[in-house]
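Straight from TrEMBL, the features:
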- 41-290: domain 'G-protein coupled receptors family 1 profile' (DOMAIN)
- 25-50: transmembrane segment (TRANSMEM)
- 59-78: transmembrane segment (TRANSMEM)
- 98-120: transmembrane segment (TRANSMEM)
- 141-162: transmembrane segment (TRANSMEM)
- 197-219: transmembrane segment (TRANSMEM)
- 240-260: transmembrane segment (TRANSMEM)
- 272-292: transmembrane segment (TRANSMEM)
Amino acid sequence: MEPQNLTCVSEFLLLGLSDDPELQLLLFGLFLSMYLVTMLGNLLIILAFISDSHLHTPMYFFLSNLSLTDISISTTTVPKMLVNLQMHSKSITYAGCLAQVSFFSLFACLESLLLTVMAYDRLVAICHPLYYLVIMNPRTCGLLVLASFFTSFLTSQLHYLMMSQLTFCADMEIPHFFCDLSQLLKLACSDTSINNILILFIGTIFGGVPLSGVLYSYYRITSSILRVSSSGGNYKAFSTCGSHLAIVCLFYGTGLGVYLSSAVSSSPRKGAVASVMYAVVTPMLNPIIYSLRNKDIKSALWRITHRIA
């Protein structure tokens with residue numbers, strides 16, 4: 001088949017999770033509910049941080065940025081899927097597909113880096129409590145978030161450049177509910193060996209290095225906690241890490257699940273279903289995990305509710 005340059009392609013077709021009309025109606029209701037819960041939960045955490053001075057600490061500053069990132073990840077993929085389900089359409093424009101690839105890689109990388117920064121914050125708080133506010137001062141916290149954002153932005157631009165250089169044959173069907181770069185590479189007619197190497201390199205750097213940082217931080221935290229003689233002190237120290245550790249396991253666990261499912265399964269649709277956990281469910285569960293396990297967040301939300309009432 002004659003390859004055609006991507007800039008000449010007007011649209012792609014997102015095959016989604018199912019072709020069954022009745023199931024599509026169910027999927028619309030399900031994903032709309034999940035998106036609304038994601039928006040509400042994360043916005044409440046951001047509102048609690050802004051409105052309650054008790055939460056103006058490094059930990060909650062990073063948490064509010066994580067919530068904003070979760071909102072952005074869901075907004076990158078879910079609204080377009082909902083529109084396609086409602087309109088019984090599968091099309092996405094070239095510009096829209098390019099935007100999804102760029103923004104999804106930006107916010108996924110940003111979430112990984114923010115989780116590492118939050119692990120470092122807990123490391124300093126537990127291992128160096130007397131110097132915590134000196135080390136994690138507002139300037140340092142701001143620089144850590146900005147560095148994470150600009151690093152993620154550079155990564156997203158690499159993905160943008162990779163996609164813009166691809167050429168495609170006549171088949172424009174993407175077996176996914178959003179424009180996933182790995183699926184686009186499979187549709188390309190041009191040589192994608194360099195692209196695959198670059199994706200593997202970026203995935204190793206921005207997946208493996210942050211995860212190694214998290215594991216090292218918790219190794220130091222665990223060693224420090226075990227040196228505390230009282231069981232009450234152990235519980236109090238580790239309770240501040242419980243929610244973060246749960247979110248780390250959820251984020252990297254679902255990401256690894258997506259990778260393994262795409263590597264083992266020959267069905268692209270199964271890989272798309274696995275991606276739902278990573279791209280939709282994780283951003284929804286993050287605020288629930290933090291609000292259920294965190295007394296400060298629950299108290300702040302209660303004070304907000306009381307003021308409104």
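Yeah, the Cβs are placed from backbone N, Cα and C, and that goes for glycine too.
A TrEMBL annotation is a machine prediction, not a hand-curated record.
Sequence-distant contacts of the transmembrane segment (240-260) (same chain, at least 6 residues past either end, Cβ-Cβ under 8 Å): 59, 66, 111-112, 115, 118-119, 122, 125-126, 207, 211, 214, 218, 221, 271, 274-275, 277-278, 281-282, 285-286, 289-290, 293-294. Looking at 59-78, 197-219, 272-292, the range that has the most CB pairs within less than 8 A of the transmembrane segment (25-50) turns out to be 59-78.
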